[in-house]
Amino acid sequence: MKMGFKLSNGLELPQVAFGTFNAGDGDETVEIVERAIKTGYLQIDTASIYKNEANIGVAIKNVASIIKRSDLIISSKVWNPDQGYENTLEAFKKSCDLLQTDYLDIYLIHWPVPYGKEKNYQEVNCSTWRAFERLYREGKVKAIGVSNFLPRHLQPLLQKADIKPMINQIEIHPCYHQRENVEFCQQEGILVQAWSPFMRGNVFQLPLLHHMAEKYQRSISQICLAWCLQRGIQPIPKASNEKRMTENLGPFDFFIDNEDMKQMETLDREDGHAPFTDYELQKKY
């Protein structure tokens, strides 16, 4: 797979990562992740709240004869109740144990405002970040970052951090662009990753994308991923069958012209994000 991004600390990442949210249960997750790695994915994204780290760990072991652990990039996230210095260290160890690895390549704070800690969330974020910095200095994680943070959540963290976040993984798709957030992160040297780049499957119903797919002779999913890549964003698509997995890997050897990029802007909606209750706290604080 072509390496497409380099983090501020020099760690290189592929053009496209593989997402595992709602990838299935038990053996199904194992099979899907094995299939993804065999198809060519080198970066697997998960989180403790996905409840599939153990299955992903099994999948990685099952393909050890094909690809070494050191050639894979595994990322996970600390869930809201586990934020805080000591809790984060414990959560990190648990994730590593479930994934059957002694280190992670990427570790992220999943959401900026944990339930029940709204009034002091900035303090909690900073405490969590100190644990992240310790894990990074000890070589237990190669890159650290955040997820679903807006600029107002990042700014106080940046002011107190010894090591700046290297990644912000946020929801981005044709109906939810997050332009201000993307611009802020890129100015700060923070790589933006896009979760749910297909809008939970809803992008396949958009007439504009059908038109663009016909124009460029590419699939709608490839149009969405190329759109992310042209914005300097690493997409994290999910797929279950080999054909779709292969399709999502590219090649992205075409360029969406400026007029079509402007047309994509007409799809952007303030309420275009997923119906997660976590967004209520993210927007309120």
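Including glycine, each Cβ sits where the backbone N, Cα and C put it.
Record features (TrEMBL):
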| type | residues | note |
| --- | --- | --- |
| ACT_SITE | Y50 | active site, proton donor |
| BINDING | H110 | substrate binding site |
| DOMAIN | 16-268 | domain 'NADP-dependent oxidoreductase' |
| SITE | K77 | site 'Lowers pKa of active site Tyr' |
Largest tally of Cβ atoms lying within 10 Å of a Cβ, found at which of the recorded positions K77, H110: K77
Cβ atoms near Y50 (active site, proton donor) (within 10 Å, other residues, all chains): 19
Secondary structure of K77 (site 'Lowers pKa of active site Tyr') (DSSP, helix/strand/coil): strand
Mean of the pLDDT scores, which run from 0 to 100, over the domain 'NADP-dependent oxidoreductase' (16-268): 97
